[in-house]
Amino acid sequence: MLGLGCLNLNRFSHFPSSPSLPPSGSDLLKVASRRFALSVAKTQQSPVTKTQSTSTALIEIDNPASVKRQLAQLFDLSLRATVPDESDVVPLVDACAVKGGVKFGDYQCNNAMGIWSKMKGMQTGFRGPPAIGQAIVNNLPPSEMIDSCSVAGPGFVNVVLSKKWIAQKIRNSVNLVSKSFYLFIYRAREFLLQSLHRMLIDGIDSWAPRLPVKRALIDFSSPNIAKEMHVGHLRSTIIGDTVARMLEFSHVECVIRRNHVGDWGTQFGMLIAYLFEKFPNPDDVSVADIGDLQAFYKASKLRFDSDPEFKLRAQQAVVRLQSGETMYRKAWKQICDVSRAEFDKVYQRLGVQLEEKGESFYNPYIPGVLEKLDNLGLVEESDGARVVFVEGVNIPLIVVKRDGGYNYFTTDLASLWYRLNEEKLEWIVYVTDIGQQQHFDMLFKAYRRAGWLPKDENAYPKCTHIGFGLVLGEDGKRFRSRSSEVVRLVDLLDEAKRRCKTAILERDTAKDWSEEEIENTTEAIGYGAVKYADLKINRLTNYTFNFDQMLNDKGNTAVYLQYAHARICSIIRKSGKDIEEIKRNGKVVLDHEDERALGLHLLQFPEVFEEACTNLLPNLLCEYLYNLAEIFSKKFYSNCQVVGSPEETSRLLLCEATAVVMRKCFYLLGIVPVYKL
């Protein structure tokens, strides 16, 4: 495909005229940012990208480090000049994809066809999308970030970025008083994007976007007391942890990791009755006596289902527990403590920290919340139960059962009220399996009907449910052991570590390692492999659990990524140079095409992260990280000698920048990086 027009933009120049009262750069930046935010949903479905679109509500993010946003702001100005009467046109800009082995630019603006569909038949002077595309190019403000633009096919505007701009920080040296206000973009936020070299000096946090939220809560993991964590809890735990890390990186001041454990309900009557049956003197019971909690639960369930007298005692135990009798409360606490000890084994291995507030915590708030809903006229009688109807759903929400008891939904009503009114949270994210989507949709609708959440789903405070698919075995069914038992998560993680340790001990390089180094490395690789195998899959889909695939050192695996990172660290060590001194005094040059490809991909980290955060899709970060490792290993490392070359300083800086970005991706995914292998 040949470009129909080309314009060199690698120089600054004056516009012929400027308004008498130009708006301030900051005001224009806000306008352009809002217009860009509105275009996010459209560009995500652009043919230029292959990313997934989801129903996640639009999140407006302040992300001055994004190359895509900078280009969108330039194209916004061009579109206003090209079609001044079409005020609702927003720039559709995205990174170019390789098509047929050819890449026609770094970024692409795809507005021409949409504009033509609106203006076709009007007396505009345009004869088709290519002419509109050329006009968009002609009206682009000059920019040092753009080397050239060309128009291809039905008006696609392909943009090639300047190598010099990618490599160095653009200084804030434009005098906006003497130039057109259209050049505001280069002044705003200290030229918006810090270059690779600037990032190395200021740190990668200088590339972090900023969410318009100060207090957020991620509700994830949430196992049930008296049941050990199994592989089904894996996805919620690691997806929730990654989402929390993403929000923290996005400058959310307070991110609460909430473990909403199931520590209340009728099952505790069964467990307490069985505990008292086995140990008539509860004061003598220890954690060791309870032993295998899973076996304890199964034994009590068997008694409950088969013995009517035991079932009656269990039901009475629930009443006595809920009335606060000391002996029953103590037994309940013992069972909870045993569970927590087991949960902690998993969380320690995964490096996940949570703050627990179980279902029991919200019990005192339930009557008050129901009274408020009743006063609003939302609670109705239905077949002996008390229910709430919500828009678009025929089945009502049961808030009080026929027997006067509460249920899972009642607790969620109370917990959400507490989070909004007591904890003053602005954004609450629930991470559960996709099968609970309707439950949370009805919960949020009930709150909107009560006026406790804004009618606009994108307004704050807001609630979001992000679902995930199942973990499957190789037979395509839910992942279980050979005996058809649910696989304990702690056993699964230990097996990953064991396999990694076996593989590492077979390597000659590990012969000189200390036992501590071997333990730390096998834990980082083993646990990281399990996490990455899950996170690299779009969370909305199921995935098949396979140790051999996730622990492979080739392909899109955490093991491959760890080797790539360790190789970079080895290159820097072998150079014998002080990397901190090089960062202060060195300079990045991108003369080789593979240097440029690596530099460009590094600069795209902020916009990829923004898309991952906007859609709450960690797999987009995984895809970026894998592509970064591929570009470094198969292009830059293969074709650009580092140590001992005339370009050693620049290439060491590229190595360091790659390692810094990889480590940030690892951190966001909850993976501990390895520095030697």
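Cβ from N, Cα, C; glycine included.
Quantities reported herein were computed from a predicted structural model and do not represent experimental measurements.
If you check TrEMBL, you get these features:
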DOMAIN    69-161  domain 'Arginyl tRNA synthetase N-terminal'
DOMAIN    561-677  domain 'DALR anticodon binding'
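Helix first, then strand, then coil: DSSP counts for the domain 'Arginyl tRNA synthetase N-terminal' (69-161) stand at 32 helix, 21 strand, 40 coil.
For the domain 'DALR anticodon binding' (561-677), DSSP puts the residue distribution at 87 helix, 0 strand, 30 coil. The average pLDDT computed over the domain 'Arginyl tRNA synthetase N-terminal' (69-161) stands at 87.
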